[in-house]
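In what follows, a structure is listed as structure tokens, so that the remarks can point back to it.
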Amino acid sequence: MDFYYLPGSAPCRSVLMTAKALGIELNKKLLNLQAGEHLKPEFLKINPQHTIPTLVDGDFALWESRAIMVYLVEKYGKTDSLFPKCPKKRAVINQRLYFDMGTLYKSFADYYYPQIFAKAPADPELFKKIETAFDFLNTFLKGHEYAAGDSLTVADLALLASVSTFEVASFDFSKYPNVAKWYANLKTVAPGWEENWAGCLEFKKYFG
């Protein structure tokens with residue numbers, strides 16, 4: 001399977017950790033966005049939205065990291081532990097995935113990206129949205145070792161990619177004890193943590 005990615009990208013890292021958990025070897029293809037490689041005709045044929053990560057499995061192409069994660073588990077998982085078939089368990093996992101995409105990671109992008117890529121000043125109102133997102137995550141994790149129940153799922157891997165990116169941005173987790181405890185545990189149990197952290201350090205270079 002071909003996997004178009006950037007090591008520093010949190011969505012790409014979440015897929016890499018999922019593949020590691022499944023024992024899948026991906027044929028990694030580094031895409032240089034600054035050089036416009038994602039806009040070349042050959043890549044646009046694969047993904048007209050020209051985004052990363054993008055997975056090509058035979059004649060099937062898929063993008064959006066959380067969709068890729070679920071696809072890999074459903075097609076290649078020897079068990080359903082990362083994305084259980086139980087409708088209620090799966091619904092909670094989906095909620096966490098959508099929360100990561102639409103609230104937590106979005107708060108990172110909205111606050112930090114203008115500072116990194118447009119040299120804009122920090123917006124305190126957008127920082128409040130980060131704090132709100134972490135308040136929610138802290139509540140979700142109350143009484144739970146993992147993000148969507150009592151075992152590791154794709155929700156944890158997606159959230160881990162995001163939260164670790166906040167760490168290299170020097171965000172202080174100390175006000176969120178449940179998040180801090182979960183994060184410390186995930187660093188030890190998540191497959192592919194080392195590669196994820198190496199990617200975080202790549203991304204950290206943007207902060208100067």
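Every residue, even glycine, has its Cβ placed from backbone N, Cα and C.
The glutathione binding site annotation in Swiss-Prot covers SER9, HIS50, THR51, ILE52, GLU64, SER65, ARG66. The feature domain 'GST N-terminal' is assigned by Swiss-Prot to 1-80. For 86-207, the entry in Swiss-Prot reads domain 'GST C-terminal'.
Structure with Swiss-Prot features highlighted.
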residue: SER9; record: glutathione binding site; CB count, 10 Å: 22
residue: HIS50; record: glutathione binding site; CB count, 10 Å: 18
residue: THR51; record: glutathione binding site; CB count, 10 Å: 16
residue: ILE52; record: glutathione binding site; CB count, 10 Å: 22
residue: GLU64; record: glutathione binding site; CB count, 10 Å: 18
residue: SER65; record: glutathione binding site; CB count, 10 Å: 31
residue: ARG66; record: glutathione binding site; CB count, 10 Å: 22
(Q) Across the domain 'GST C-terminal' (86-207), what does the mean pLDDT come to, as a whole number? (A) 97
Q.
With helix taken as DSSP H, G or I, strand as E or B and everything else coil, how many residues of the domain 'GST N-terminal' (1-80) land in each class?
A. 34 helix, 16 strand, 30 coil
Q) DSSP helix, strand and coil counts for the domain 'GST C-terminal' (86-207)? A) 91 helix, 2 strand, 29 coil
Q) In Å, how long is the longest CA to CA span across SER9, HIS50, THR51, ILE52, GLU64, SER65, ARG66, which the record gives as the glutathione binders? A) 16
